[in-house]
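*Asks:* So TrEMBL lists the following for this protein:
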type	residues	note
COMPBIAS	1-14	compositional bias 'Basic and acidic residues'
REGION	1-21	region 'Disordered'
TRANSMEM	30-56	transmembrane segment
DOMAIN	30-445	domain 'Major facilitator superfamily (MFS) profile'
TRANSMEM	68-90	transmembrane segment
TRANSMEM	102-120	transmembrane segment
TRANSMEM	126-146	transmembrane segment
TRANSMEM	167-190	transmembrane segment
TRANSMEM	202-221	transmembrane segment
REGION	232-253	region 'Disordered'
TRANSMEM	265-285	transmembrane segment
TRANSMEM	297-316	transmembrane segment
TRANSMEM	328-347	transmembrane segment
TRANSMEM	353-372	transmembrane segment
TRANSMEM	393-414	transmembrane segment
TRANSMEM	420-440	transmembrane segment
Amino acid sequence: MDSETHSESARPTDGRTGLLTARRTTPRQALAAGGVGHMLEWLDFGIYAYVAAILAKNFFPTSDPTTALLASFATFGVGFAARPVGAVVFGRLGDVRGRRMVLLTTLTCMAVGTFGIAALPTYESIGILAPILLVCCRLLQGFSAGGEATTATAYLVEWAPAHRRGLYGSFLQIGSIAGFLGATLIVAAVSTALGKSAMQDWGWRLPFVVGGVLIVVGYVLRRRADETPEFTAAQDASRREDSRPDASTVVPPTSGTAVTRIARAFALTAFWSVSFYFFLTYMPTYLSREFGLESTAALWITSAAMLCHVVLVPVAALMSDRFGRKPLLIAGCIGFILLPIPLFAGLSADSPLFAVFAAVFLVGAVLALYGGAAPAALAEYFPVESRSTGMAIGYNLATVVFGGFTPFIATWLIEATGQALAPAYYVAVAAVGGLIFVALQRETAPLRAGAAGPLVQPAPSQGGETR
């Protein structure tokens with residue numbers, strides 16, 4: 001990555017030598033603070049998805065298991081409903097007060113929501129108050145997640161050398177997947193150790209306790225890290241011009257240019273969200289309910305596929321740094337149009353576990369193409385002064401509309417159509433929309449934009465960007 005060289009070479013070029021000399025953080029340390037913290041945040045957020053069926057019985061008792069599961073997944077989606085609020089609040093704070101402060105605050109909120117779920121009494125103990133409190137905890141988690149993902153991406157990309165923005169930005173995807181992978185492993189390990197009866201009775205609380213404790217690690221890493229050079233440079237420039245960052249250097253989200261960029265961010269994220277949450281949160285339930293796999297086996301297969309996916313994401317990100325974001329994004333869309341339907345059509349209750357793993361692995365490999373390139377492309381849509389706000393609004397609105405309710409929609413589609421393949425068709429249709437959008441966009445990667453023209457010019461060494 002040549003991180004140390006990048007850090008040192010920036011010192012004498014921008015007139016801010018004093019500030020940079022005092023900086024303790026290197027790009028690699030910033031990568032750990034942003035990436036590991038993001039992973040732990042999403043570990044906590046993802047645990048809910050993997051104990052959804054158990055929570056359905058404890059918080060939404062009903063004679064119809066499908067209705068209870070729909071209620072549990074709807075509560076998962078409620079967490080996403082709070083994300084736009086978190087996006088606006090934390091996005092604005094990120095552009096005015098800095099990325100680091102926001103990232104510390106989001107971890108704190110996530111820890112409170114996670115420990116809250118672990119301590120909740122069930123419906124049997126306190127009646128209707130139990131699901132109400134569960135929804136409140138999910139809202140707090142969603143509020144936190146609304147500011148976390150895009151602020152972490154901005155933090156990582158702004159620390160990256162120009163020729164490694166794709167790699168650094170991909171830690172949004174790596175951290176998210178690794179977090180969900182950690183959630184899968186924790187739930188699977190606890191379920192295996194305790195057995196089905198104990199897991200449904202009280203063991204479901206343990207993954208939330210473990211996730212909450214691990215947040216402390218991410219908090220310490222972020223506490224020791226510094227603000228990004230680009231944001232520091234933007235604030236220094238605004239001070240020299242006697243400008244207030246919250247009044248003049250932050251592009252209002254209602255301005256015409258900002259709205260266009262936010263719309264691009266929304267469109268880029270729409271298909272990404274559908275495929276991401278289909279692969280991550282719905283896959284274990286899909287495999288167990290529709291293809292007859294035992295739930296623990298479905299968790300382990302999904303975990304193994306996620307591990308392979310995490311390895312492939314940085315490879316795709318490096319390819320996007322070399323060849324551009326657009327080819328990788330297009331390849332990911334085409335893969336989701338062509339593969340999921342035939343892959344899952346070939347599965348049944350009699351399919352060997354290797355065949356099931358192969359199908360899930362291929363879905364994850366295709367997702368790596370899109371997810372490796374998308375975070376950097378998202379950040380490159382915005383100048384540094386409005387990056388946190390713009391990314392947060394566009395990304396989180398799309399995640400709410402298309403991602404958070406993907407498990408609910410997939411379950412409903414199967415019930416409405418009677419077809420186990422309905423979710424695969426849903427993902428394929430979303431991929432068609434993603435392909436049309438990406439094909440119409442211009443390249444944003446710094447090393448490839450000379451031929452096509454960037455949406456936002458690459459930042460100079462001091463972190464400024466040309467509009």
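Just so you know, glycine gets a Cβ as well, placed from its N, Cα and C.
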*Asks:* With the transmembrane segment (30-56) as the reference, find which of 102-120, 126-146, 167-190, 420-440 contributes the most Cβ pairs under 8 Å.
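*Replies:* Of the candidates 102-120, 126-146, 167-190, 420-440, 167-190 scores highest.
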*Asks:* Suppose you look only at the domain 'Major facilitator superfamily (MFS) profile' (30-445); what would the mean pLDDT be?
*Replies:* 85
*Asks:* May I ask whether the transmembrane segment (68-90) has at least three C-beta pairs under 8 Å with the transmembrane segment (126-146), counting pairs 6 or more apart in sequence?
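*Replies:* With 3 or more qualifying Cβ pairs, these stretches touch.
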*Asks:* Under a Cβ pair cut-off of under 8 Å, which of the recorded stretches 102-120, 167-190, 297-316, 328-347 contacts the transmembrane segment (420-440) most often?
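*Replies:* Top-ranked stretch among 102-120, 167-190, 297-316, 328-347: 328-347.
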*Asks:* Count the Cβ pairs between the transmembrane segment (68-90) and the transmembrane segment (202-221) that lie under 8 angstroms and are 6 or more residues apart in sequence, then report whether there are at least 3.
*Replies:* no
*Asks:* Can you say which of 167-190, 202-221, 265-285, 328-347, 393-414 has the most Cβ pairs under 8 Å with the transmembrane segment (297-316)?
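*Replies:* When the Cβ pairs under 8 Å are tallied, 167-190 comes out ahead.
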*Asks:* So, does the transmembrane segment (265-285) come close enough to the transmembrane segment (202-221) to give 3+ Cβ pairs below 8 Å, pairs being at least 6 apart in sequence?
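*Replies:* Taking Cβ pairs at least 6 residues apart, the transmembrane segment (265-285) and the transmembrane segment (202-221) are not in contact, as fewer than 3 fall under 8 Å.
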*Asks:* Below 8 angstroms Cβ to Cβ, which residues of this chain, lying six or more residues outside the transmembrane segment (102-120), approach it?
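*Replies:* For the transmembrane segment (102-120), the nonlocal Cβ contacts are 33-34, 37, 40-41, 44-45, 47-48, 59, 86, 90, 93-94, 130, 133-134, 136-138, 140-141, 143-145, 147-148, 151-152, 155, 205-206, 208-209, 211-212, 215-216, 218-219, 222-223, 388.
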*Asks:* Would you mind listing the long-range same-chain contacts of the transmembrane segment (393-414), meaning Cβ under 8 Å and 6+ residues beyond its ends?
*Replies:* 49, 52, 66, 69-70, 73-74, 76-77, 79-81, 83-84, 86-88, 91, 146, 149-150, 253, 261-274, 276-278, 281-282, 285-286, 290, 378, 381, 420, 422-423, 426, 430
